[in-house]
Amino acid sequence: MTFGSTGYDIAHLLGGGILLLSFVLLYQRRLEGVIGAFAIQGGLLAAAAAWQGWMQDEPGLYVTALLAFGAKALLIPLALRLLLRRLGLHRTVEPALGIGPSLLAASALVGLSVMVVLPVTAGQAQALTRENLALALSVVLLGMLMMIGRRNAISQVIGLLSLENGLILAAIGVRGMPLVVELSTAALVLMLALVAGIVVFLLRDQLATLDTDVLHGHQGERHQGERHQGERHQGEGP
Amino acid sequence: MDWLAAILTQILHLALVLAAAPLVVGGIRWLKARMQGRIGASPLQPLRDFLKLLRKRPLLAENASWISQAAPHAGATLALAALVLVPSFARGMALAPLADLVVIAGLLAAGRVALALAGMDVGTAFGGLGASREMSFAALAEPALLLVALVLAMLAGSTGLETVGALFQEGSLGLRVSLGLALVALLAVAVAENARIPVDNPATHLELTMVHEAMILEASGRHLALWEAASALRLTLWLALVAAIFFPFGTAPAGFALLGWVVGVAAWVAKMALLCLALAAFESAIAKMRVFRVPEFLGAALLLGLLAALLLFLSTRLA
Amino acid sequence: MTLHLPWIIVFLPWAGALLLAALAPRGRWPALVNLGVSGVSCGLALAVLAVPEGVQGWTRVDAVNQPLVALAGIIGLATAAFSAATVEAERFDGLRARAYHAAFQLFMGAQFLALLSDNLGVMWVAIEIATLASVLIVAVHGTPAAIEAAWKFFLLCGIGIALALFGTILLYLAAQPLVGQGDPGLSWGALRAVAQQCDPGILSLAFIFLVVGYGTKAGLVPLHAWLPDAEAEGPLPITAVLSGLLLNAALVAVLRAKAIVGLNPGALEPGPLLVGFGLASLLLASLALWRRRDARRLFAWSSIEHMGLSAIAFGLGANLAGMLHLMGHSLVKSAVFFGIGAAAQIKGSQKISDIGGLAASHPALGWGLALGIAGLAGLPPFSLFVSEFRLVVAAAAMQPWLVLSIGIGLLLAGTALVRALQALCLGPPTPDAPVPGAFTLPGGLWWATGPAWALLALSMLLGFALPAWFTALLGDATRLLG
Amino acid sequence: MAQRLGAPFCRRGRAPKLAAGDPLSPPAVLTALILILAGLALLAVVAVPLARFAWAGLVVHGFCLFAAAVLAGVGLAVLLAGALPVQALPLGVPALVAVDALSAWFLLLLGLAAACSALFGLAHPLAAPRLLAAYPLFLAGMALALVAADGFTLLLGFEAMSLASWVLVAADHAQAENRHAARRYLAFALLGGVCLVPAVGLLGGVAGDLSFAAIRVAPPQGWVAAAVLALVVVGAGAKAGLVPLHNWLPLAHAAAPSHVSALMSGAMTKVAVYVLARLLLDLSGPAQPLWWGVPLLVLGAASAVLGALRANLEEDGKTLLACSTIENIGLICLGLGLAACFRAADLGVLAGLAAGAALLHALNHAMFKSLLFLGMGEVAHGAASRRLDRLGGLIHAMPWTAGAVLVGAAAAASLPPLSGFASEWLLLQALLAAWRVGDLAFQVLGVAVVAAAALAAALAAAAMVRLFGLVFLGRPRTPRAAGAVDGPMPARLALLLPAALTILFGLLPGTLLGLAEGAVQVLVPHGMVERSGLAMVRVGDGGARYWPLALTLLLAVVGGAIWWLVRRRAPAGVARGPAWDGGFMAPPQHLPFGDPVTQPSAAGFGQPLRRMLGGSLLAAHESVEMARPGDPGAARVTSGFTDPSEARLLAPLARLRDALAARAEQLRDLPLTATLMLPFGTLVALLALAAWLEAG
């Protein structure tokens, strides 16, 4: 199965699509759009998993596909939409990093991941694995970039979840990955979402915002007497 | 027979220095008076004073402790013990092995401490003042003395006075700049140690300037006599020390040599007389300096000592 | 029995967690059940020391995890005892009380699993569970500062855990051509066996992801940002297990990865990377210690410092020093956190300026704390002295240029700790303002000082009175970690 | 090691007296030593629960007295009979102990100092549980450091000693200045550890065998040797109180209880000196270059001068004594440095002389400084103050203490024929021969050091006169000083024992040097040890000699003669009258013993030296505020000084540290998203590194 065969092309296409959606996630300004793009990414991931399952003849991957579809394409986006409606949030994202710079950075990251993965895996026979890995690494890095570039708690959670998509993409690309990993990845996603939901609720309760920069002001050991402390330290010997 | 000679010379030496001590003090006073156009008291006056003071009952302050009574004895003992070690007319005295320059410096320091403690015993302002100044000045005088000892030790290989004197008497050293510098340093230290002009004035009781006298202000009777004796012995010691190190000419060698002894005694008396004359002339010609100029004076002595040692390094290197 | 012991140790606390979640939080029952479960776990954990080395499916018992599991059991028990006395003063409502105790046992079970697992995937899952459980516990108070801490903890460790998984996948990818598909490709033993023939490039890449991923958990600078706030804002007892256990499990995960990658001569050398992270941790923490006003944050930063020291030790290959340091740090730091926790409840504040003169007002607590802090500063008679000695000696012999920076770090950190020690323990006592409900159990303050002194005594034994078989065990661990 | 050190004894036909099977065989002695160490550690544990009984202090100090006697006995036995072999401590970590002659010399010193301290403790026992626990641990730590035979045990004892003594320094931690002292003390102890551990590591080399025997086989060379030198000088120097790391010493000695100060000054600083000697002169091997000893020489001279000068300016009795300790430590280090230089120049006899002088001075200083600190403690107990300006006239109220302190002060002032003079005589003689090392730069340095040593000795004499004169002489300055009394019998014994030893050691320096011969051999293996007789010490053939017994006899004869003469000729007894008031007003009613203002004050006594030397060396200042004309108010003189180590070294370092910490703290101020940048950036950087490595 090398470059040019159908199986490879479809897998490649699905992986590329997932990466493309990562770019879309970075590009989107509106929260609803972000959630939508995330749902599509989840769907593509499920498709990729199913395709790999068929190609590798690995029934376990169908389970993964099912889980990914259920959780990432349906459940979590729905829950997020509900959350948006319940909380009556501002619908636009407050980016900490401008859209343009973040897209530029994203391109550079994709370049980096290709440069890292391709020479490293040169010994590997399977071209698909190499390509898949490069794509997955790009998705992971872009997910992190999204977490950094957004100040809204929900965007940050989506960034984290999209990062997990990259993980699953990597996992399904490797032949014979034990089921435990895939299952636990899916479970992880659910648990992450659950914990994030709890914390987001607490956040909303206490601070009436989801802008995480506001949180910064509430860091412990911060509010009182920073300058005073500086003076106290002066002139004290070791 | 040598041990007999050693003991004989030691006893003779003792008698000689005991006789010389009052004469040195009295003689210098007399010479100074003469130079200043006064008749002056007899050179024997210090001896008379001593005998008279000895017969008087001392008066002590109510809160004086045993220190006040013991210190004069200690001071006189230490001065005499040190003086006994400094050779005068002959080498090879019984106590010559003990005569080490550093030990003599130690004995003098002990005498100084006894004097300072006596000054502080009653707790009067002057005693403390004198003690503090005395101990402070010594802090600079002692390094200068040690540097002189270093110069001598480099030349002679020892700080033993016997060895040093023998080396100088042979004359193999020749005249050296560093020795001259060391002599000047030693003289400066001697002037300071004996509370002479320009560091201190033994004849004044002007409170702002006095050092030595301030400490014995409280002493009277036999205590004062002992202090005066100690001071006379110390002056003799320093003159004898200078004579023994730098002008050892005519000193009799170790062993029985009656003629040599006679020559030695004569030479020693002449040397001491000359030194007294020089001191009297120096004191007459110069004024007492302010107390806080004294460190500069002693610092200069210290530098001279340093310079002497350095020059010696250079000359040994060039030679 | 011995075959199943690892799983019993894991599932007993989890069963306890279910029980505690179901139990009505009335009176002191949950705390006592918690204590009981921890006690049994502790006994089982100690029994692991007697289990012969071997792999049981997904788990393995070897010289690396035997001492650490025993340590986790002991610290878990001590913390449960401390928790029983202080939980009342945390003033949880019903739901939170359930969540707190359940999460504690969930965390403990995951902790055991993380240490005992042979399968790297299972280890990853276990650390994941432990992390998420601790995020919940940190956020349990719901104050803005706690939420901030929990959110940061969540995001950073979320990233960390994802990167660790990526690294795990890469490891599998490297091993898969050699060991075939399925579970063996994730078994630590199997991976070690084939490490030399693996593709070095993939191994290097895997190690980078693993070290960044698990290193985040271990609090290595610059991945540390969550640690001080999470340890300072959670309930008091949690700090001890976070600092004493979670960090260890994460560092052991890094070490397991290092042991695999280090075997391959062509791969990236893992040692210098660890030394770099360790030095950064040591130096930044030693400076940060000077700016602390909050007692718990101070000791959280000190945890970063000590993790850095352990990382340096392992990076240099001084594995014995590293193992000793990990264990000694867990014991002493837990004891110090008990002391600080008790002091915070007595004085009603965790600010250093509000806690003072403990030695005069509460001698047993104050001097215990003082000794513990002195131990953290590297003074005898605790095992940290021994391990730091060995570390510095090894560094001086192997990489002398390192010694200067290690020395500066140790000195800065030590003097900062001494300053804190004197501020907390010496001088005239500050007024007490006890939190209502603190130490109302019979025995009072002994619920804090007892565990603290016991841990300090253990640390002393660890340093100077090790039985021969334990020394041999540590020697085996040293060899296993390569 | 046993064979190595036993050899010289055997060669001279003095077979070791301790044979196997003998009840005093080496293993038995070593076992006794280990048992004593264990007993002290156990005592520390037991002391905490016992502390509530009134007799606990007596038990603890009594046992410490016993332990001290055993330590001194072991030291003496080893010095007489030869080294004890290496033995492992029954600990879980490999820890070796052995007693060679060098260890034994310092053990003897420690035992004697600790015996005095414990005796004093019997009279004025510590009370708090922590102090009762720390005191025996302190002793055990010092002993362990001295008998250690590998790097780990050495550091273990060293650090245990530091921690235990920190508890003792912080004894009265309610006082802010004591806390400050304790903090600085422990910080410097950490510095010592941080420097000594890598030094030991470097000595051990890649093989990592830290036993002394292994290190001796492969001494350091090249840059490793230089690094070891720097680390040990800083590490052990910080503990010994060498300039510029002496800052903690006056603070800590003043803060600790008196008999602890005595032990710290008398023994603990010597343990640091022992570490210096052991690591630099013994373990680093004799093949080091000439400059090896120069740092010790220079720092020793600087310490001697600075310490002695500060002693003349301090106004607290114990602080003054602590500064005098800095001076004496400086002299000892100077001797060690000189020994290293002579050794490098193949001047064996002189090297032996310098090393012997250093060892002898260490012992003598341990005795007279213990005595002085204990005396000061007695004064503090009796007169409730240590400030020189609040004491005075105690010679009447406390005759025993005054007599003993006079002996100690005279020895500290290095007056013949006491012990201080004997060792300083040897040291000066060694210094006066420094020019024999051919190097011109070294010769010039030697001259400067001679001047510094002499200056220090004279300054020390001034400081001791100041101490004794202000504390014991004059009139009382406070009512408490007027009502003081001597301490109980154990306290008097604690003063009389070191006083007697100070006199004895002064009379028998030759015997002591003979005893120290083995220790000197350890430091200067190929050096000749000058054979000194009972009555005399000398510097090589034809060199200078010092005959303490003969000198004492001479003094006695001359003194007796003068006394006899005065008695014959002068009337007995004295008349008493009021002291001349110097023109001052009559004292107010509430000062029946006189107005203290009319007496010399501590600041006033130091004035000449403050002006002469203080300005340039210690940034001393002095200002007079005169009352305006017509105002009857008193003029006010203020004076003070700043130690250069504080202003030039510690304060800038603290500022640098604070600046760096402030910079590091900015990392914490990052907003949340930027915090996420850190791991992201790390990952990207590492990936880039990997890509680069792959490409390269």
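Cβ from N, Cα, C; glycine included.
These features come from TrEMBL:
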type	residues	note
DOMAIN	C:117-408	domain 'NADH:quinone oxidoreductase/Mrp antiporter transmembrane'
TRANSMEM	C:31-51	transmembrane segment
TRANSMEM	C:63-87	transmembrane segment
TRANSMEM	C:99-116	transmembrane segment
TRANSMEM	C:122-141	transmembrane segment
TRANSMEM	C:153-175	transmembrane segment
TRANSMEM	C:202-227	transmembrane segment
TRANSMEM	C:239-261	transmembrane segment
TRANSMEM	C:273-290	transmembrane segment
TRANSMEM	C:311-328	transmembrane segment
TRANSMEM	C:364-389	transmembrane segment
TRANSMEM	C:401-421	transmembrane segment
TRANSMEM	C:452-474	transmembrane segment
Contact call for the transmembrane segment (C:364-389) and the transmembrane segment (C:452-474): at least 3 Cβ pairs under 8 Å, seq gap 6+: yes
Positions on the same chain near the transmembrane segment (C:31-51), where near means CB under 8 A and six or more residues out: 2, 5-6, 8-9, 12-13, 16, 19-20, 23, 61, 65-67, 69-70, 72-74, 76-77, 79-81, 83-84, 87-88, 101, 104-105, 108, 112, 116, 473
Contacting positions for the transmembrane segment (C:153-175) when only residues 6+ beyond its ends and CB under 8 Å are counted: 120-121, 124, 127-128, 131, 134-135, 138, 185-186, 190-191, 194, 198-199, 202-203, 205-217, 223, 225-226, 229-230, 253, 257, 260
Long-range Cβ neighbours of the transmembrane segment (C:239-261) (under 8 Å; 6 or more residues past either end): 64-65, 68, 71-72, 75-76, 78-79, 82, 104, 107-108, 111, 114-115, 120, 123-124, 126-127, 130-131, 134, 164, 167, 171, 188, 191-192, 195, 203-204, 206-207, 210-211, 214-219, 230-232, 267-268, 270-271, 274, 296, 299-300, 303, 307, 310-311, 314, 322, 326, 329-331, 333-334, 337-338, 341, 480-482
Positions on the same chain near the transmembrane segment (C:202-227), where near means CB under 8 A and six or more residues out: 127, 131, 149, 152-153, 156-157, 159-168, 170-171, 173-174, 195, 246-247, 249-251, 253-254, 257-258, 260-261, 264, 267-268, 270, 273-274, 277-278, 280-281, 284-285, 300, 303-304, 307-308, 311
Dominant neighbour of the transmembrane segment (C:63-87) in C:99-116, C:122-141, C:273-290, C:311-328, by Cβ pairs under 8 Å: C:99-116
Leading contact stretch, C:99-116, C:273-290, C:311-328 vs the transmembrane segment (C:401-421) - CB distance under 8 Å: C:273-290
